[in-house]
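J.: Below: one structure in structure tokens.
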Amino acid sequence: MLAPGGGPEQRSKLVLQWRQVSWITCWIALCAVEVIPACPFSCTCDSRSLEVDCSGLGLTTVPPDVPAATQSLLLLNNKLSALPSWAFANLSNLQRLDLSNNFLDQLPRSIFEDLVNLTELQLRNNSIRTLDRDLLQHSPLLRHLDLSINGLAQLPPGLFDGLLALRSLSLRSNRLQSLDRLTFEPLASLQLLQVGDNPWECDCNLREFKHWLEWFSYRGGRLDQLACTLPKELRGKDMRAVPMEMFNYCSQLEDENNSAGLDAPGPPCTKASPEPPKPKPGAEPEPEPSTACPQKQRYRPVSVRRAIGTVIIAGVVCGIVCIMMVVAAAYGCIYASLMAKYHRELKKRQPLMGDPEGEHEDQKQISSVA
């Protein structure tokens, strides 16, 4: 509403101001559209935490329009079974990725190639059976890795190379039977390791990993449980409680197998020796060198009863020695106290007994005076 008596100049000024305000409002709206990225369909986005939540939507593919500035991407509880190598391309700012509770059976080698700032990776409860050794080489800042509840039977050597910042690793509920110590050597910052609910075979193949576990526990690392499944004598027993002498046979077995392959030079051994040629009539057959392969000794697990018996015998011997030392010390103390008491009583009796030689000299002096 114009004030009464306003002229055309005042009207034109008001119209001009109104146009300026409209232009400024439109410009702000356009800037807001450019700054705030579009959110993928059916997903929930938080512009403050830069989190995109696409969990529980029944997705079979990763949404292609995830904003490049996303720092947290949640894709758990979906139906993802196969992912292309470019599924997370251009998401270099991503720090947290959750792919739990899906149907993934394998991961392309370069699927995490652009995730250089990734610090947390959740792959729990999938169907992953194998992992490429270079899968995590482009994520050196990774701190938390969860591979539990999958079908992993082994870990490729070099899988954890370069993961110096990794603090927690979960390998629970897989099909792991043994682990290589060299695979875990690069994990200098590891604080928590979960390996429970795996069919561990506590034999020679797990000896070196047991050494690494002792070092890991010594520097303050936490381990849930590593219960043996085989051999049956150790079933249910924690690997850390198995005495090291149970693995003494492993070194002997390796030495015997190595020496079997370093015998005197001769023809190469074969599994089935060829039939000797038929001798000529009237000629004596010449003995031929044996080409049979020496049979390697199979690993025979040391009896748990024998190991426990050795420990018990050693404890009994040590106990007897300690008891003998205590008895000897007590006997010495008693003997010393008795001797001290005897000397005290002897000193008390000496003034009462008198000196017979002194009395004899006194009698001589008296007789000479008389």
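Keep in mind that glycine also has a Cβ here, set from the backbone N, Cα and C atoms.
What Swiss-Prot records for 36-68 is domain 'LRRNT'. If you look up Swiss-Prot, you'll see 198-252 marked as domain 'LRRCT'. Swiss-Prot lists Asn90, Asn117, Asn125, Asn257 with the feature N-linked glycosylation site, giving sequence analysis as the kind of evidence. Marked as region 'Disordered' by Swiss-Prot: 260-297, 351-370. Annotation source Swiss-Prot lists repeat 'LRR 1' at 69-90. The feature repeat 'LRR 2' is assigned by Swiss-Prot to 93-114. If you look up Swiss-Prot, you'll see 117-138 marked as repeat 'LRR 3'. Annotated repeat 'LRR 4' per Swiss-Prot: 141-162, in sequence order. The repeat 'LRR 5' annotation in Swiss-Prot covers 165-186. Residues or ranges marked as topological domain 'Extracellular' by Swiss-Prot: 36-306.
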J.: How would DSSP class Asn125 (N-linked glycosylation site) in three states?
T.: coil
J.: Of all the glycosylation sites given, Asn90, Asn117, Asn125, which has the fewest Cβ neighbours within 10 Å once its own Cβ is left out?
T.: Asn90
J.: Which whole number is the mean pLDDT over the repeat 'LRR 1' (69-90)?
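T.: Across the repeat 'LRR 1' (69-90), the average pLDDT comes out at 95.
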J.: Excluding the flanking five residues on each side, which residues at least 6 beyond the ends of the repeat 'LRR 5' (165-186) place their CB within less than 8 Å of a CB in that stretch?
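T.: Residues 119, 124, 140-159, 192-201, 203, 205-206, 208-209, 211-212, 216, 224, 229.
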J.: Using the alpha carbons only, what distance in Å do you get between Asn125 (N-linked glycosylation site) and Asn90 (N-linked glycosylation site) once rounded?
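T.: Asn125 (N-linked glycosylation site) and Asn90 (N-linked glycosylation site) have their Cα atoms 26 Å apart.
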J.: Please report how many Å separate the Cα atom of Asn90 (N-linked glycosylation site) from that of Asn117 (N-linked glycosylation site), as a whole number.
T.: 12
